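As given in TrEMBL:
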- Cys147, Cys150, Cys201, Cys204: Zn(2+) 1 binding site (BINDING)
- Cys164, Cys167, Cys187, Cys190: Zn(2+) 2 binding site (BINDING)
- 6-71: domain 'J' (DOMAIN)
- 134-213: domain 'CR-type' (DOMAIN)
- 147-154: repeat 'CXXCXGXG motif' (REPEAT)
- 164-171: repeat 'CXXCXGXG motif' (REPEAT)
- 187-194: repeat 'CXXCXGXG motif' (REPEAT)
- 201-208: repeat 'CXXCXGXG motif' (REPEAT)
- 134-213: zinc finger (ZN_FING)
Amino acid sequence: MAEKRCFYEVLGVTRTATEVEITKAYRQLAKQYHPDRNVGDDEAKVRYAEVDEAYTVLNDPNRRARYDRHGHAGVQGGAAGADAGGMDLGDLLGDFLGGFFGGGGGGGRRSRGPRRGENITAVLDLDLLEAATGVSKTFTVPSEQNCRECGGSGAKTGTQPAQCRRCRGQGFEVVNTGFGIATRTRCRGCNGRGVVITDPCPGCRGVGRVEAREPVTVNIPAGVDTGVRFTYPNGGHAGEPGAPRGDLELVIRVADHKVFERDGHNLICQCPIGFSRAALGGSLEITTLTNQKVTIEVPKGSQTHSTVVRVPSHGMPWLDDPRRKGDLLVQLVVETPTKLTAEQEELFRKLAELEGATVPGPRKGIFGKLKDLVSGDVPPKDEKK
């Protein structure tokens, strides 16, 4: 059986795509591969089923959250077509025409009712250690919440919203597109609510919602990377009275580390070693990202960058299996000494002689030069004739 493709890849969207972007991509692909347009085309039928399954998962906040955490395993048995799918061609064309002629995304499929709150997308910054070990974070998110004074109705206390005369409380109106096709769109008189505010609430000025900043605490699992997305149901803006809140969509952004570089599930770092250790090899203690002390073996004849010591299971954990970790790759960097003691310089000169290398003689200080002059080792300058 062929391996399933990533649902985001199937719809051609990124992991940070909004609900609107996901729905738009689905509608385009569903129209393209719909069986009614591709009679007898088995490949189109397979693609349509694939698109339908992807949308079923990604359009549901809870399923999408499980998919983002655990991949296909988190949504097995997720009933492709349970919520989203199976739109007939008339629905798809109706949505398309409704949006084209100002339908506001209404379409004939939607029934009137209180609208769910909009989602909130926020970016959460982590350092590499937090991404490796997991972390609990508390932060504030600006959102729109129901006005406490009017309970979200928008009407002044003691009054009630009036029925919209334009749509007679239906929340939608029928518009002729000009091609002999009538489409149902959101009422422009009440914006789809079915009621209008005649005596607005002073606390929210008739909007029904006020701005608020709520503290949010989230638990981020180990192994996350930049672009990983988590969905927290009911963490978004308030909906209309009687409708649920939107969701909080959290996008992870991991900062660069000054020592360790991430390469998938592996970590890379550079470790300076002395000239003699590079030549002779030996043991060396290093500190990992999680502050563990690990002893590595430096091979004889180590070269800068080309010699890499692998430390198993000291890299980044897998998001869906934290017990499994990548490796730490230690790139050795041989440091050439810039200052030598007299003893060190003498040893290096002996090594140079063994290698047959020609090196300049030792540099003498001022006292050494005076000593040579007095002893006659340095000839005097020629006298002028």
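Positions of Cβ are set from backbone N, Cα and C atoms, glycine also.
Taking the features listed in TrEMBL, we show where each one sits on the structure.
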| residue | record | Cβ within 10 Å |
| --- | --- | --- |
| Cys147 | Zn(2+) 1 binding site | 21 |
| Cys150 | Zn(2+) 1 binding site | 25 |
| Cys164 | Zn(2+) 2 binding site | 21 |
| Cys167 | Zn(2+) 2 binding site | 21 |
| Cys187 | Zn(2+) 2 binding site | 22 |
| Cys190 | Zn(2+) 2 binding site | 23 |
| Cys201 | Zn(2+) 1 binding site | 22 |
| Cys204 | Zn(2+) 1 binding site | 21 |
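Residue counts for the repeat 'CXXCXGXG motif' (201-208) by DSSP state, with H, G and I taken as helix and E and B as strand, are 0 helix, 0 strand, 8 coil. Nearest Cα neighbour of Cys204 (Zn(2+) 1 binding site) among the listed binding-site residues (Cys164, Cys167, Cys187): Cys164. Cβ atoms within 8 Å of the centroid of the Cβ atoms of Cys147, Cys150, Cys201, Cys204 (the Zn(2+) 1 site) belong to the same-chain residues Arg148, Glu149, Gly151, Gly152, Ser153, Gly154, Ala155, Pro200, Pro202, Gly203, Arg205, Gly206, Val207, Gly208, Arg209, Val210, site residues excluded. Mapped onto three states, the DSSP output places Cys167 (Zn(2+) 2 binding site) in coil. Geometry remark: Cys167 (Zn(2+) 2 binding site) versus Cys201 (Zn(2+) 1 binding site), CA distance 23 Å. One way to see the shell of the Zn(2+) 2 site is to take the Cβ centroid of Cys164, Cys167, Cys187, Cys190; the remaining same-chain residues with a Cβ within 8 Å of it are Arg165, Arg166, Arg168, Gly169, Gln170, Gly171, Phe172, Glu173, Arg188, Gly189, Asn191, Gly192, Arg193, Gly194, Val195, Val196. In this structure, the CA atom of Cys164 (Zn(2+) 2 binding site) is 18 Å away from the CA atom of Cys201 (Zn(2+) 1 binding site). Separation of the C-alpha atoms of Cys190 (Zn(2+) 2 binding site) and Cys201 (Zn(2+) 1 binding site): 17 Å, rounded to the nearest whole number. Distance noted between the C-alpha atoms of Cys187 (Zn(2+) 2 binding site) and Cys150 (Zn(2+) 1 binding site) is 23 Å.
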